[in-house]
Amino acid sequence: MNADRTLSPILNRPLKLVVLISGGGTTLTNFLEKEAAGELKIEIPLVIASRPDCGGVDKAKAAGLRCEVICRRDYKNIHDFSEAIFDLCRSAEVDLVTLAGWLALIHIPDDFQYKVMNIHPALIPAFCGKGYYGHKVHEAVVERGVKVSGCTVHFADNEYDHGPIIGQSAVPVKGTDTPDQVAANVFQSECELYPRMIRLFAAGKIKIVERRVVIEE
């Protein structure tokens, strides 16, 4: 993932988006609400869940979306698990894969480099990596007494929360905030940042320079 490149714009049609989920599907719901409001020009031909019992499966089906479940335990290694996921993405002919509360580590194949985005509920490189997910992040933020948290959208690579950062949004943390309050405030920020980064991707405004993302306004 070292070569410089400018990502091509998606013209004259909605961006075809796959959404990968492991939990309640709140980010998926946000995407659908933004699309309905005309703020996000997308089509979601496929949702992939890592667990059959996660709440996002019901939300996807209620929205009339195709939803497939691919569990890590059903595959002998991470390569086979990842290939099962990306084979579905290829068959759906998608432009972008979005990790939306997806918790399972995957390996990104060459044809999907810089085509897989993740959102993390903290300002990477703080409070990130293996073990830092969901509410655990916000508990750690409050425990450490940090004054600013936030969220980060980045391109995924083969490590947790590690790929090139696309955009970040800062969220103040008050001394009286609980982890639940921090989580709610950060999620509000996520609901704006993730769609904004997707719009930049669709518009071809993202350039990769020596593993750094440069936004061309």
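Placed from the backbone N, Cα and C atoms, the Cβ positions cover glycine too.
What TrEMBL says about this protein:
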DOMAIN    16-198  domain 'Formyl transferase N-terminal'
BINDING   Lys76, Asn118  (6R)-10-formyltetrahydrofolate binding site
ACT_SITE  His120  active site, proton donor
SITE      Asp161  site 'Raises pKa of active site His'
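The average pLDDT the prediction assigns to the domain 'Formyl transferase N-terminal' (16-198) is 96.
Looking at His120 (active site, proton donor) and Asp161 (site 'Raises pKa of active site His'), their Cα atoms lie 7 Å from each other. Take the recorded positions Lys76, His120: by the count of other Cβ atoms within 10 Å of each Cβ, the lowest one is Lys76.
In this structure the C-alpha atoms belonging to Lys76 ((6R)-10-formyltetrahydrofolate binding site) and Asp161 (site 'Raises pKa of active site His') are separated by 24 Å.
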